[in-house]
């Protein structure tokens with residue numbers, strides 16, 4: 001490779017720097033020269049100082065910064081052939097024939113035009129005598145790979161675009177702040193979020209905040225919506241709600257294509273209802289701030305994959321974008337994605353709104369349907385014969401309350417009697433059980449911890465009493481939201497079915513734990529919030545060292561024996577090492593790490609960060625590491641310890657956890673309803689098949705129900721871990737980006753997949 005040129009164009013998004021860092025370091029890793037092109041296409045056309053060769057340190061300490069350090073600009077000149085001719089000349093001078101473009105669909109389409117014209121542009125340069133025939137031959141082909149940076153998440157075929165998750169974090173921070181003021185004033189808030197053509201941000205923030213009303217461009221409201229909306233707002237206020245939230249995407253329109261503005265909605269509420277109404281237009285706040293953990297990891301993953309895609313490209317491979325599918329990197333033909341993205345706009349322009357929603361992909365459609373289900377109580381068609389009980393088990397995890405709220409509401413929609421249980425299995429034994437209604441769980445979405453109270457007690461300590469209460473309250477289904485104890489507890493109940501017929505009921509576990517150690521799922525509820533909390537602490541710790549010379553921080557994270565939290569946090573903060581139980585390490589590895597840091601301190605980067613999972617080793621404790629690093633680093637660097645402790649469990653849930661909890665609650669109860677109907681015979685429920693007690697989880701990107709009895713075979717009960725964990729393959733990324741010399745043979749490249757209308761409708765997006 002003559003060189004990897006890299007640039008971001010268009011508008012800045014949080015997370016771009018993590019991508020710049022990953023592409024640069026991976027490029028150097030594979031032995032390429034890497035150039036950073038400043039100010040997007042403008043820098044490409046102007047050349048000169050705008051194109052600089054990068055080294056490993058050029059991108060150090062940027063992962064936590066918002067925006068992009070290489071700048072970004074819209075460029076008129078590049079839209080003309082003369083501009084592109086100048087850009088070609090600049091690239092050829094540096095021998096750059098591989099370009100990584102970070103931007104939205106406009107920037108990426110521009111890159112593709114540039115690629116198709118490349119041969120012709122070279123001929124023009126030869127004709128004009130600016131380059132020789134030999135040079136034109138040597139650089140006859142331009143490879144392009146794209147990374148999509150767009151907070152609107154409006155690029156079809158990609159699960160998430162860079163910047164979207166961070167934008168949701170900003171929106172939720174504003175909504176949480178607004179919610180607290182509503183405790184003192186009765187108010188209606190009209191919140192306008194970005195999304196000129198795409199309602200993703202508005203939709204997901206409405207789902208994550210339980211907004212009363214939502215306007216998105218893909219699904220304009222029916223005519224006469226003004227009456228419905230005011231009626232709904234009046235109703236919620238008369239039931240004692242002190243706050244109404246209305247969320248509008250900036251591109252919201254009515255059925256006739258006329259814009260619906262935040263000002264119009266405010267006037268309507270004031271005029272018809274007389275409510276004190278405020279408009280908040282979030283604007284560019286959504287683009288700012290530090291990137292979320294998800295964005296940093298997504299960008300790092302995609303940046304590494306982009307370099308591999310360029311390495312493996314031939315003149316015959318189409319220009320591709322790198323994307324995430326579930327938690328795997330994939331490559332998608334750029335123009336296929338652009339085509340479907342244009343199809344969505346065309347469907348909206350032609351008022352085929354249902355089709356527009358389908359073309360956005362299954363997960364958009366899922367979000368939309370679940371929002372409509374939960375926003376407003378619709379009377380159940382008929383009362384069912386079933387009653388469900390919901391409880392939290394284990395340590396508190398953010399998102400538990402979101403799952404309880406949606407499970408309660410969907411249960412009521414289905415006509416079931418819904419009970420909640422305080423204090424887990426212990427409370428179930430003590431009879432701390434009460435029936436709840438729709439409005440009892442209002443306002444729970446954004447609350448951290450567990451509103452029901454949660455205990456680690458396992459059922460076998462109070463089995464007789466649990467059985468007695470299941471009989472007394474006539475419970476037909478148990479929904480247990482919690483960590484490893486929730487899974488183990490349900491397993492104990494299933495194994496006691498032979499003794500107690502009362503336990504032959506439907507049971508479901510929603511995995512909720514910051515440790516992410518429950519078998520049957522890739523992600524547990526609460527782990528995203530925990531990673532963000534740990535990451536923010538590490539950012540501050542790193543910052544505290546910027547005034548000090550040569551310091552290494554040893555940070556201890558939670559997670560039991562599971563190293564997920566420390567590994568993922570390590571990637572998000574650019575740690576030098578993360579010690580985990582799953583990857584055994586010896587004194588030789590520790591020695592190598594110390595030497596690595598000693599070498600690093602001789603450069604301009606004079607600080608190090610080492611993460612240690614709390615149970616990674618019996619003898620190499622945090623104290624031991626501190627002593628080892630301190631004595632080995634004497635005279636070169638000094639050492640400090642930070643134990644993050646319970647702050648990783650606390651705080652408001654992230655947008656991901658609010659939505660994940662909401663969706664899992666809905667899917668779990670729908671599954672339980674189906675199973676209850678199947679198991680209902682002669683006026684009673686009798687369920688003893690393996691699939692009547694399952695863990696619901698996310699596998700890649702589909703929802704899976706795994707029987708607890710089958711998961712038992714793949715569980716290490718002593719260390720409370722699944723025997724196989726997908727995230728271990730992220731360890732390679734952590735080490736490569738921290739400059740450890742590792743063979744590339746372990747790297748698994750993403751596959752090329754296709755994006756068509758058909759794939760979008762089949763895909764099980766969550």
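Quick reminder: no glycine exception, Cβ is built from N, Cα and C everywhere.
Bear in mind that TrEMBL entries carry predicted annotations, made automatically and left uncurated.
Feature annotations, reproduced from TrEMBL:
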- 8-309: domain 'Phosphofructokinase' (DOMAIN)
- 74, 75, 104, 105, 106, 107: ATP binding site (BINDING)
- 105: Mg(2+) binding site (BINDING)
- 387-766: region 'C-terminal regulatory PFK domain 2' (REGION)
- 388-671: domain 'Phosphofructokinase' (DOMAIN)
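Other Cβ atoms within 10 Å of the Cβ of residue 106 (ATP binding site), summed over all protein chains shown, number 15. Neighbours of residue 74 (ATP binding site), defined as other CB atoms within 10 A of its CB across all chains, total 15. Per-residue confidence over the domain 'Phosphofructokinase' (8-309) averages 89 (mean pLDDT, predicted model).
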